[in-house]
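What TrEMBL says about this protein:
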TRANSMEM  50-83  transmembrane segment
TRANSMEM  95-113  transmembrane segment
TRANSMEM  119-136  transmembrane segment
TRANSMEM  148-170  transmembrane segment
TRANSMEM  176-191  transmembrane segment
TRANSMEM  203-225  transmembrane segment
Amino acid sequence: MEEKELRRADFLTSLILVAFGAWVLREAFKMPLRGSYAGVKNVWYVSPALFPIIVGVFIVFLGTLLLVHAIRSGGAAFFVHWLRQVRLQKVVSEGNLRFLAILLALGTFVYLLIPRVDFFLASALFLLYTISAFYMEDIDLLKRFAKFYALGSLLFAIIAGGLPRLLAFLPFPNDMLALVFLGGYIGYGLAQTRTREVLRQKFVQSIGVALLVPFLLCVSFRFFLLVPLPREGLIMEGLYRLYYALFW
């Protein structure tokens, strides 16, 4: 991909990130930051709004940094020039694949995973897909990962939303399904990179980051700040049992 196409993609991606971060902040500030419930006064640092506010601020901040860099490197000018010349049959091109891939990640994370899946699993899936897809710097792998993730998300939506009785015998059916999805993505990524040592190392690093970051967030916010997570299920139940077994 040429330099100007990368800068154009950076400019468009930064606008999406800033807009998404602003939306997260708007929704977060609808939650109560403090108040008195049943005679108990709650302070701001135990509010359920704290975590999405922090996430929204970071997304806006990082999106703004990317936007400034894209403007300084000519990304805005390249984007305007591209808009003037774009044709309908070229909408799904290599230059726009990054844009569609990040839309897929954000859309499934916000509307499919967060409302239905344990926060750790939802975040791990989101991070593993986004990091592995873009960290590789390989357009063919980006296409394959995006297709696999889109198909997996579609199957998850069908089974979890349309056929919930299939997994009704499980204690955390949606979490079990997400765990299978996560394991399948890891297996697929390892298979796709088995003959390319450098890419395989990058994918293994992506797995480590995708699992470590949500774990640290869940432990920090739930057990130290006492902030409830958007959805707690299979993984958080296991952490609760481990916590009480070790410290109580």
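Cβ atoms are placed via backbone N, Cα and C, with glycine included.
Of the candidate ranges 95-113, 119-136, 203-225, 203-225 has the most C-beta pairs within less than 8 angstroms of the transmembrane segment (50-83). Residues 45-46, 50-51, 119-120, 123-125, 127-128, 131-132, 135-136, 186, 189-190, 193, 232, 235-236, 239, 243 of the same chain, all 6+ positions outside the transmembrane segment (203-225), place their C-beta atoms under 8 angstroms from a C-beta of that stretch.
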